[in-house]
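Engineer: If you scroll down you'll find the structure; I have some questions about it.
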């Protein structure tokens with residue numbers, strides 16, 4: 001299937017369920033990972049083995065920071081799942097409902113036919129293997145004929161040549177199994193509700209719900225603008241594990257922790273974070289959003305002309321990114337004692 005460009009692709013729908021931001025479509029998961037450095041964590045069970053928690057499946061739970069970054073970049077919209085489903089189902093007419101049910105029935109029949117074909121193919125393969133084994137066992141049990149009793153020198157050679165040229169055993173055609181003309185079809189439960197989405201290729205942003213972003217969002221947005229991948233950092237006692245590339249290919253380089261611009265950082269936090277980061281082969285990265293200095297003057301001291309409000313604001317936004325506010329970061333490494 002040809003991949004759509006970013007302009008043609010619909011907005012990724014992030015479902016907000018009980019304060020959690022979830023992705024249920026595997027196509028959206030792959031698209032965001034490849035193009036927007038969004039990895040996050042799978043929280044669903046695998047249907048084939050639901051009684052384990054080592055390998056998880058869909059849905060993918062986004063961090064609030066990731067959802068907000070995608071909304072700011074106009075890549076995704078956050079939908080209140082309960083309200084959205086009720087509103088869209090109420091707007092469905094009878095023809096749309098019938099078409100949707102019919103499409104599910106057709107998909108169920110196609111899936112059942114594919115399963116029947118696979119089962120028949122396996123049966124034929126097993127029958128062929130069993131016949132081959134029986135034939136080999138018969139040839140092994142047969143005693144070799146004593147060719148020395150034949151006085152005619154040309155007799156055995158001519159017999160062998162006749163056996164090679166004219167094989168008396170006819171070739172049997174491969175058995176085939178007829179498929180049923182009509183099947184009931186499997187009952188399918190869709191994993192996504194794409195049929196409820198509006199027909200517009202790029203719905204408006206007014207349908208987006210609010211995202212409850214934490215105080216560490218500026219640091220996340222700043223690192224995301226720099227091209228880093230980030231995962232939750234609970235395992236290493238930080239806010240984010242920061243990777244230079246895809247976590248499947250790279251080791252994380254930093255353990256990122258957010259601090260407020262005027263927040264006091266104790267020496268114990270610096271030493272403990274530096275030692276922890278170094279012990280797990282990471283740098284201890286701290287950072288926070290730059291607070292605008294109230295002492296910035298509206299008058300240029302060199303020229304004496306008054307600066308406009310936009311010029312004053314731009315002085316504190318020189319280090320900001322497309323989404324992130326201006327942020328300053330520092331990295332610590334524990335050398336030794």
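Quick reminder: no glycine exception, Cβ is built from N, Cα and C everywhere.
Annotations for this protein, taken from TrEMBL, read as follows:
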ACT_SITE  243  active site
ACT_SITE  251  active site
ACT_SITE  282  active site
COMPBIAS  118-128  compositional bias 'Polar residues'
COMPBIAS  137-146  compositional bias 'Basic and acidic residues'
COMPBIAS  304-317  compositional bias 'Polar residues'
DOMAIN    12-81  domain 'TSEN34 N-terminal'
DOMAIN    216-286  domain 'tRNA intron endonuclease catalytic'
REGION    118-171  region 'Disordered'
REGION    295-322  region 'Disordered'
Engineer: Where DSSP helix means H, G or I and strand means E or B, what are the helix, strand and coil counts for the domain 'tRNA intron endonuclease catalytic' (216-286)?
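Structural biologist: Its residues divide into 25 helix, 17 strand, 29 coil.
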Engineer: Work out, from DSSP, the number of helix, strand and coil residues along the domain 'TSEN34 N-terminal' (12-81).
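Structural biologist: Taking each residue of the domain 'TSEN34 N-terminal' (12-81) in turn, the totals are 21 helix, 27 strand, 22 coil.
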Engineer: Using DSSP, what's the helix, strand and coil tally for the compositional bias 'Polar residues' (118-128)?
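Structural biologist: The composition, in the requested order, is 11 helix, 0 strand, 0 coil.
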Engineer: Taking every residue in the domain 'tRNA intron endonuclease catalytic' (216-286), what is their average pLDDT?
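Structural biologist: Mean pLDDT, the domain 'tRNA intron endonuclease catalytic' (216-286): 94.
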Engineer: If you count the other Cβ atoms within 10 Å of each Cβ, which of the active-site residues 251, 282 comes out on top?
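Structural biologist: The largest 10 Å Cβ neighbour count belongs to 282.
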